[in-house]
Amino acid sequence: MLSVVPRPVVVRAPSKVNLHLAVGDLRDDGYHELNTVFQALSLSDTVSVAPAETLSVTVRGEDARVVPTDSSNLVWQAAEMLAAESGRRPDVEIAIDKGIPVAGGMAGGSADAAATLVGLNALWQLDLSREELDGFAAKLGSDVPFSLHGGTAVGTGRGERLLPVLSRSTFHWVLALAKVGLSTPTVFRELDRLRADGNPPRLGGPEDLMHALTTGDAATLAPLLGNDLQSAALSLNPGLRRTLRAGVAAGALAGIVSGSGPTCAFLCAEADAAVRVSAELAGAGVCRTVRVASGPVPGARIINDAAEGSH
């Protein structure tokens with residue numbers, strides 16, 4: 001019998017923007033109750049998994065130096081989790097190519113974890129169902145299940161309980177990446193502090209926004225975007241106000257802080273408008289860099305041939 005070394009499995013996973021993010025009270029488990037509408041965007045990370053002598057993580061791309069390559073990285077935890085489940089050692093090399101901003105509120109770490117689950121499921125020929133992968137994803141982090149599924153979805157609980165949403169058409173976004181990241185726990189704590197002082201108002205339900213998604217009309221969707229964490233992100237980084245104003249002044253239909261920030265996401269009427277807005281924002285000096293993206297797109301998907309087995 002000829003034993004063929006499995007080829008690396010390469011997986012692409014999308015970033016996300018929260019079109020609606022309503023943050024409830026702090027729960028007994030230390031998390032906040034969330035009601036959110038996610039949309040997966042074309043700005044993505046690529047993760048390659050390959051057999052190795054021991055578990056290792058490498059990262060390249062913008063801000064790669066600040067991404068941990070030890071057990072604090074979700075991809076490491078994903079590998080150990082699947083290895084324990086399948087009764088094997090997690091002897092794989094995980095290579096991450098970052099396209100999603102680090103600490104930008106766009107679920108880059110969650111995307112990498114989802115990609116690792118998908119990649120190792122193929123590499124190790126585990127034949128886990130999507131539902132089984134969902135269970136592992138929810139244990140890894142609140143945004144990991146959505147990174148698996150992609151598209152547009154309502155998330156409840158910590159954001160891990162998902163219900164797909166019909167979203168007609170493609171929406172066009174400009175993403176303004178900030179010079180310095182924001183820690184998600186810090187932003188939630190700041191929101192708790194602001195609320196203890198009596199501010200700010202809370203978002204209602206996302207029903208109108210979900211209806212707007214079914215129309216496929218960006219102009220209808222734009223005024224319905226909302227994020228309870230935005231006030232906290234602006235409190236921690238007041239310069240984001242300039243970024244939001246500049247994007248709308250450049251022609252965006254609306255601007256919003258993405259998740260816990262500090263990335264600002266601008267919804268545009270069409271692809272050409274997104275290119276124009278990105279050019280103006282890039283020259284305005286209000287952010288580190290800009291990216292153009294579209295959504296919804298699929299969740300974590302293998303983009304090369306699946307691993308070959310032993311023959």
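Every residue gets a Cβ built from N, Cα and C, even glycine.
Taking Cβ-Cβ distances under 8 Å and a sequence gap of 6 or more within the same chain, the neighbours of Lys16 (active site) are Phe38, Gln39, Ala40, Leu41, Met106, Ala107, Ser110, Ala111, Asp143, Phe146, Ser147, Ser258, Gly259. Among the features that Swiss-Prot reports, active site is placed at Lys16 (among others), with the record citing sequence analysis.
In the three-state DSSP classification, Gly109 (ATP binding site) falls within a helix. When other Cβ atoms within 10 Å of the Cβ of Gly109 (ATP binding site) are tallied across all protein chains shown, the result is 24. Positions annotated as ATP binding site by Swiss-Prot: Pro101, Val102, Ala103, Gly104, Gly105, Met106, Ala107, Gly108, Gly109, Ser110, Ala111.
Reduced to three states, the DSSP call for Asp143 (active site) is coil. Of all the Cβ atoms in the protein chains shown, 28 others lie within 10 Å of the Cβ of Asp143 (active site). Annotation comment: Swiss-Prot describes Asp143 (among others) as active site.
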Other C-beta atoms that fall within 10 angstroms of the C-beta of Ala111 (ATP binding site): 36
Additional residues surrounding ATP, by Cβ distance to the Pro101, Val102, Ala103, Gly104, Gly105, Met106, Ala107, Gly108, Gly109, Ser110, Ala111 centre under 8 Å: Ser15, Ile100
Binding-site residues compared (Pro101, Gly105) - the one with the fewest other Cβ atoms within 10 Å: Pro101
For Ala103 (ATP binding site), nearby residues of its own chain (Cβ under 8 Å, 6 or more apart in sequence): Val66, Gly181, Leu182, Ser183
Local Cβ density at Ala107 (ATP binding site) - other Cβ atoms counted within 10 Å: 32
